[in-house]
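Asker: The domain 'HTH cro/C1-type' annotation in TrEMBL covers 18-76.
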Amino acid sequence: MATKRRPTLRAVRLGQELRRLREEADFSVRSIGADLGIDPGNVSKMESGKLPATIRDVDNYLRVCNVHDPKRRDDLHKICRDVTQKGWWEGYIEDIAGVLMDRIWLESKTEAIDAFAAILIPGLLQVPGYAEGLMRLDRPEATDDEIQRWIEVRTTRQHILTTHDPVQYSVVIDEAVLKRPAGGVEAMDRQLDYLVQMSERPNIEIRILPFSVGMHASLTGGFEILRLEDPYPEACLLTVPGGDVCVEGDMVDTLAQTYDRVLKASLGPEASRELIIAERNSL
C-alpha cells in the first residue's frame, strides 16, 4: 500500500490564505462551495492543503469573495505556483521525511537565517564525515547507500550559502558543540577547519557562546529564524525530538528576542574563530 503523504508546508500556507479570504467575506464552507461549484468536502481539503488549489481556484475565490487587490492576487498566485514547484529535492522524495522536505523548501525561499545551535553543528555547516557520524548514531540500521543519499541531500542544501546570491547566515554555536565530536577525530578536525573557512565568507557570521557565560537565554534548545522572500512571513524552525517544528507569528518575535540575547552573550567573530582553531588544535 502506498504511503499517504501529508500536505506540504506551502500547500498548507495556500490553504490558510484561501480560508482567510472566505472568512473575511463571511462565507461558510458550504456557501462558498455552492458559489464556486465545488463540493464542500473539496473546499475543506483545499483549505487544509490536502488538495492543492490551482490558479483558477484562487481566481475564483478572489472573485466570489469580491477581492480585487492586485498585490493580494499576485501574492496568492506566487504561493500557488510554489505549491507545484519542482526542486532538486524531488529526486530524493523517497529518501527523506516530509518535515525535511518542508525545511529544504523553506531554505530555498530564505533570504537570511539567524540560528542558535545547542547540540550539533548546524546541518548547513556540516562536513560529510561529521554528518555521517551523526547519521550512523541516529540510524544504526541504515545501509551505506541510504547514508550516502542522506549526505548528498545535506551537502546540496548547503549550496544556498555559496551561490552567487547567497543566504545571509548568522549562527551562534554553544561551545559544548565544539567538544562533542562525531565521526571520529579526523572528521571533527575537518569539521572545525571547515567552520573556520566558512566564517571568513562575507555572508556568514559564526559566533561561539562560551562556557564562561554560564546559563543563557535559550536553555530549551536550538532554533533557526528564517526571513523568507515576499509574500511569506518570517518563520522559525524549532529542533524537537523526531524532527523540526515550524512556527510563525508571535513565537518568531519571542525567539528573535532570545536570539538577540544569545548573540550579545557570545564571543565576537574573530574571538570565536580563534576558539574554534584552538579546539581543533587540541584534538
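Just so it is clear, glycine is given a Cβ too, placed from its N, Cα and C backbone atoms.
Predicted automatically and left uncurated, TrEMBL annotations should be read as such.
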Asker: Quick one: DSSP breakdown of the domain 'HTH cro/C1-type' (18-76) into helix, strand and coil?
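Answerer: In the domain 'HTH cro/C1-type' (18-76), the DSSP-based counts are 41 helix, 0 strand, 18 coil.
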Asker: Averaging the per-residue pLDDT over the domain 'HTH cro/C1-type' (18-76), what integer do you get?
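Answerer: Result for the domain 'HTH cro/C1-type' (18-76): average pLDDT 94.
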